[in-house]
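*Asks:* Residues annotated as signal peptide in Swiss-Prot, with sequence analysis given as evidence: 1-25. Look at Swiss-Prot and you will find N44, N60 tagged as N-linked glycosylation site. Here Swiss-Prot flags 56-202 as domain 'Cupin type-1', drawing on sequence analysis. Here Swiss-Prot flags H104, H106, E111, H150 as Mn(2+) binding site.
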Amino acid sequence: MALSYYSLLLLLLAVWAPALTLVMAGDPDILTDYVIPANGNPMNITGDFFTFTGFRKVFNTSSAPEPNSFTVTKATMAEFPALNGQSVSYATLVFPPSTVNPPHTHPRSAELLLVVDGALSVGFIDTTNKLYTQDLAAGDMFVFPKGMVHFQFNSGNQPAMALSAFGSAAPGVVPVPVTVFGTGIDDAVLAKSFKTDVPTILKLKANLTPPNKS
């Protein structure tokens, strides 16, 4: 998916996202400039420690085939240790046509989504079970409040890309479908909860894989 010059300019706007996410941050404050990894030597810290290059593969579309399914590339504390204590992280989301980021939550942070290329339909549900939806174009932003179940969907026939900023170095993710149907909850419990029968539950579980515990 080739990014237009306009789309690349939108990425520059994303540098302001950390300022907002810091306001919403929930990570514990630190008493040092930054957190050195366990058993790390402060004398060995260089600019490389504060640099993350994992998004290059996302934007270097000329050398990599377009994915055929929804793909997320994270830059959280796990992938970018320098974020530890900084209360900020990013993720890139790539949506081929007719793909979805299924309903999920981030228990430790709000999410600020910037559509970089293409268009997305998004929404979240609040604690009163009210659904809020919006159709977004390139350049639009949408905030998903902390802990709310939300989704993003590319219903069009063109690919889409988005950048998400979080107010935590480890926002966490709880995918609703696989968490409910792929973690070993008794089938009878699920059948009664969804007012259906066990064979229907088994059909729902057949195509789901357990969530990643990393």
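Glycine is treated like the rest: Cβ placed from N, Cα and C.
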*Asks:* How many Å lie between the Cα of H106 (Mn(2+) binding site) and the Cα of N60 (N-linked glycosylation site)?
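*Replies:* Computed Cα spacing between H106 (Mn(2+) binding site) and N60 (N-linked glycosylation site) is 28 Å.
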*Asks:* Can you give me the Cα-Cα distance between H104 (Mn(2+) binding site) and N44 (N-linked glycosylation site) in Å, rounded to a whole number?
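*Replies:* With distance taken Cα to Cα, N44 (N-linked glycosylation site) is 39 Å from H104 (Mn(2+) binding site).
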*Asks:* Nearest to N60 (N-linked glycosylation site) in three-dimensional space, by Cα, is which of the recorded positions N44, E111, H150?
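*Replies:* Going through N44, E111, H150 one by one, the closest to N60 (N-linked glycosylation site) is E111.
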*Asks:* Could you state the CA-to-CA distance between E111 (Mn(2+) binding site) and N44 (N-linked glycosylation site) to the nearest Å?
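*Replies:* One finds 34 Å between the Cα atoms of these residues.
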*Asks:* Please report the Cα separation of H150 (Mn(2+) binding site) and N44 (N-linked glycosylation site) in Å, rounded to an integer.
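*Replies:* Between the alpha carbons of H150 (Mn(2+) binding site) and N44 (N-linked glycosylation site) there are 41 Å.
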